[in-house]
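According to TrEMBL, the protein has these features:
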SIGNAL    1-26  signal peptide
TRANSMEM  188-209  transmembrane segment
TRANSMEM  230-253  transmembrane segment
TRANSMEM  259-277  transmembrane segment
TRANSMEM  284-308  transmembrane segment
TRANSMEM  314-336  transmembrane segment
TRANSMEM  348-369  transmembrane segment
Amino acid sequence: MQRWLYQVLALIVALSLFSERAAAHAASTSYLELQLNQAELAGQWDIALRDLDEAIGLDADGDGLLTWGEVRRASDAIEAYALSRLQIDADGVACPLHLHELRVADHLDGRYAALMLTGDCAATPAALQLRYGLLFDIDPSHRGLLKLSAKGRIVSDVMSPSQPQLVWQPGVSDIGRTFRTYLHEGVWHVWTGWDHLLFLAALFLPAATRRRRGGGWQIADSLRAPLLDAARIVTAFTLAHAATLSIAALGWVQFPTRWVESAVAATVVFAALNNLLPMVGRGLPWLAVGFGLIHGSAIAGALLELGLPTTGRVWALLAFNIGVELAQLSLVMLVVPAGYWLRNQRGYRYAVLIPGSVLVLLIGLLWFVERAFSWTWI
């Protein structure tokens, strides 16, 4: 018994340290917004200060804190680094880029350097070619979110190591490219979203079991039942997620960010608590609907920052939500069979289900306190 307690405590401590690292290091993202007016480019490029610190070193005194003075003193280095990672051509001819001002902007995941830039092209282009290489050499997971506008049209895209360049013809829509981009981002949203993954983990931890009518868990006698249960839950979640995501992303309703992010953390807590003290049994898909409404409201903010194209908005939203569902179903197909295979292993309940749920519960509580009360732990 004592040995089992030590193992559980060691697991909780180790994974808690990992989760703290994950929470502290959000996915690396920059936001580049450009407007083309005939032969002139103007826009803003927001790059996370933590990313710039990693790339060129902003923290001069090494105290772990970035001040405005340190950022200002590094402005020349920031400008040189940023311009070396971005090139824009108009019909094959380079458009010289210039940075005119450095500001600080706030995003959901922290503070960013906001670079005001302009570009001069030789003539009004029929096509722009953009090559993006920010941070790819030190962080392959980095993504550059682009929002380009010209002639009353907006196009959004995502730059990555596998897609470092974009050819854009102003006034020409590409529904197929839009669909592929947002489908990919829907999958990426699930696979890189720690709160989303932890919420799903809480739902999948008892995947090798089924609810007893009187409460509690019993070992499943076939793989089909837990697979269907998990598929119903994630599909219910996705449908609700899609509803509020679409409403908020289209700008019809705006939700207070702090409340929504706190509510997301609360859903993680409740899902884990439900594994330890079963409160919802056969109604779990309905619970997933309620939680999906909350999670959809949260991700709408990020989707708004990416920007929806003026043409193909319905296709973009549809593709994003299909991506979310495909990613979740892929996790079902990976996790549920593994849990089913382990269901008869000695101590599954005490070595996996209970400590795993406790871990998710603790992380969810930590996130709730951080988000609801703006409490910084590190």
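Cβ from N, Cα, C; glycine included.
Counting Cβ pairs closer than 8 Å and at least 6 residues apart in sequence, the transmembrane segment (230-253) and the transmembrane segment (348-369) reach fewer than three and form no contact. Across the candidate stretches 259-277, 314-336, 348-369, the maximum count of CB pairs under 8 A to the transmembrane segment (188-209) is reached by 314-336.
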